[in-house]
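Swiss-Prot annotations:
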type     : residues : note
SITE     : Arg87    : site 'Transition state stabilizer'
ACT_SITE : His91    : active site, proton acceptor
REGION   : 196-220  : region 'Disordered'
BINDING  : His279   : heme b binding site
Amino acid sequence: MSECPVRKSNVGGGGTRNHDWWPAQLRLNILRQHTPVSNPLDKDFDYAAAFKSLDYEGLKKDLTKLMTDSQDWWPADFGHYGGLFIRMAWHSAGTYRVTDGRGGGGEGQQRFAPLNSWPDNVSLDKARRLLWPIKQKYGNKISWSDLLLLTGNVALESMGFKTFGFAGGRPDTWEADESVYWGAETTWLGNEDRYSEGQEGHEGHGVVQGDESKKQHTDIHNRDLQSPLASSHMGLIYVNPEGPDGIPDPVASAKDIRVTFGRMAMNDEETVALIAGGHSFGKTHGAGPTHHVGKEPEAAPIEHQGLGWANSFGQGKGPDTITSGLEVTWTPTPTKWGMGYLEYLYKFDWEPTKSPAGANQWVAKNAEPTIPDAYDPNKKKLPTMLTTDIALRMDPAYDKICRDYLANPDKFADAFARAWFKLLHRDMGPRTRWIGPEVPSEILPWEDYIPPVDYQIIDDNDIAALKKEILATGVAPKKLIFVAWSSASSFRGSDKRGGANGARIRLAPQNEWKVNDPSTLREVLAALESVQQKFNDSSSGKKVSLADLIVLGGVAALEQASGLVVPFTPGRNDATQEHTDVHSFTHLEPHADGFRSYGKGTKRVRTEQFLIDRASLLTLSAPELTALIGGLRVLEANYDGSSYGVLTKTPGKLTNDYFVNLLDTNTAWKAADNEGEVFIGYDRKTHDKKWTATRADLIFGAHAELRALAEVYAAVDGEEKFKRDFVAAWHKVMNLDRFDLKQEGRGQNAPKL
C-alpha cells in the first residue's frame, strides 16, 4: 500500500499516531461511536414519529417516476434505473452477517467508507446521487437507511413484481461504523487472510485473474471462510461472480454461495430465490478493460464531490460503463418481472467465455441473439450468465429448487418476495421497530417474535410485593443478578436481537449455553416461575411475565446489595419456543464474555478484545463498561461462581472495592498459567496470595485510558458516583431491547437502539 498522506500532515490529526507505534494496543474507539455529538439532529428528534408523518404514497410515486427519468450525466440501462436501484438496496442490506449481527442496511452505512468505495459497489455512488433530489424533498421524514431500501422495493414494483411489504424505522448514523470486521486483507479483492490458500488482491480497480489463481490453488472445493465474514473477497458483498478466486468453476462456486448466503441467515431456498429473482432484472457492466476506471470515491479528487470510479473508456457511461468487468444481461426482459432467468438457465447449454474486460463468464451454446442491448434498440446479444448462475444448475440441491421454481412460477414469486423482505429487514430487530403502512401482518419465522402484552401489567405496589416474594425464595442474590444479567446481556445492538424481553434464556438454545451456567439458571427459573404462578393465579386480570420477573429478580438483589433504588419498567412478555429459531440463536452465544469471567482469548483475539467487542454490541461507552465490570465482580456475578476478579472482602455488597484493590500498588500480579489468561495478585511485602483475576480485569489497570476511568471510581470520593453509574448502566442494559419505550436522553433517532 502507498504511504499514508495523513502521517505527513503537520496539523491536528496528522502525524504518527499511537496505533502506528503500538499496533497491538487495545482500542476503545468503537465504544465512542454514534454519540449525540456526531448527530446533527435535535436531541428530541423522534424519527419514528417523523416517518409516520411522511407522505409515503407521494414518496413512492416520486421514486416510481425516477425509475424511467433517465439523466444524461448517468443514463439508465434500457431506459429504466430499476436494476441499478435493486443492486443498491441489495448491496446495502446484503452486508449483514448473522454471526455477529453487524453490517446490513439498518444504519445507511453504504454512504460511508469503506462500503462507499468497495469494488463491488462501483456506480452505486451514482445511484445515491440520483436519489438526492428526492431525499432533499422529504428531508428528515425519511432516513437514508430507509430510502436506500425502499427504493429497491419500488424498483421491483415498477417492473411488475409484487413485493411482500416494507417496514420503515431505520434511523441514520453519521459516521463510518468502525466496529465491523471486514477482513484483514490490505488490497481490494484479496482473500489471503480469510482463506488459508487465498490470494492477494490488487491496487486500484480490476478483476481477479482466475487463470493465475488456478495455477496457484490446490483445492477451491474445500476451504473454510474465516468467521464472522460472509464474503469471499475483501470488497465484495458475497462471492466472486466469476467463480472462486476468479476461477470459473460452478461446483466450487456453489459451495462458496452456500457459505456466504448461509452466514447472511439465508437457507438454500431463499438463496436461490434471491439470486434468480434479483438476476431477473438489469445487467452487469464490463464494456472495456478495467484500467480505464479511476479512483474510488474516498480516493477521488475533491472536485468530484464524492463520486468515484471516473471512466475514461468511450463516454465513460451508458454503453461504455465498467463496474465489475462482467458484461451480462440475464433475460430478454430486463425491466420486467418474469420467468426469463430460470427459463434461459435451463434452455441452453453454457460454455465459458470472456467479457470485454477479460472477466470469466458464460455464453449460451448454439443460441440466437435474443438479449436486448441496453442502449441500441436495433441490436441483440447472445444470452450470457455468470459462474454463480451456472452454479445453481450444477449444484444438486440448488438445481432441484430451481426446477421446482421453474415449474411453479407463483411459488417462485412468493419465495423471492419473502426472501427479499427478509434481506431488507433481517437486521431491524423486533416488530415493535417496524413502522409504515406496508408492514405485513404475517408473523415470520426469523423475526424473533414476542407476543404483544394483552393483559394488565403490574403496578408499583405489585412490584414492591414481588421483590419481597423473590427474595423470600431463598435463592442467593448473586444468582438472581447473574441470571438477570445473562438474560439482558444477550442483546446485540448490531441487529437488535437478544435481550431480556421474551425470556428466551429459558428456551433452547440459551438454556443450555455453558456461559449461562445451566444448573444455576434452572434453580433461579424454578423459583421465579413459582412466584409468577402464585401472582398470576391470585390476581384478577393482572399478570407478570417471566421476562419481567427475571429482570425484577436482579433489581431486587441489586437494591439489597447497594442500598439504592434501582429503576424497573415492566411490560415485557414471554416468547415461545415455536417463535425461537434455535439455529439462528446459536450465533448469539459468546465465545468469551469478560462481564461474567467466561472463556478466554484465541490466537487471533485477546480476551480483552472480546470484552470490548461485547461492550460494543451492548452499545456501552467506556465509562459504562468500567462501572459494570467493577460492580458485577463485587456482586459475584461470575460464570460458575468463580472468584476471578472478586477483589473485595465483602462480596455481595456494591462497593468500589474492585477498583481500590485493582489499583493498589502494594499488589504485584503474576501469570498463573502459560497462556497469560489467569493472574494471581500477591502482597509485595509478605508475598501472600491476595486475589485471582483474568485479563478482563487486569486490563483496567494496564490500559492507560481504562485505568484513568478506574481511578475515578477508586478515589475516596468515587464510591457513591460508582454506585450511581453502575445502577444507571445496569438499567440501560436491562432495557436495551425495550423498543416500546422511548430511551431517555437519546431520542428515538439514536442509532444504537
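Here the Cβ of each residue, glycine as well, is placed from N, Cα and C on the backbone.
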List the residues of the same chain that sit at least 6 positions away from His279 (heme b binding site) in sequence and have their Cβ under 8 Å from its Cβ, in sequence order, or write 'none'. Trp330, Thr331, Tyr341, Leu386, Asp389
In sequence order, which same-chain residues at least six apart have a C-beta under 8 angstroms from Arg87 (site 'Transition state stabilizer')? Leu124, Ala127, Gly278, Gly282
Secondary structure at the residue listed as 'active site, proton acceptor' (DSSP, helix/strand/coil)? helix
Would you count the other CB atoms within 10 A of the CB of His91 (active site, proton acceptor), including those on all shown protein chains? 22
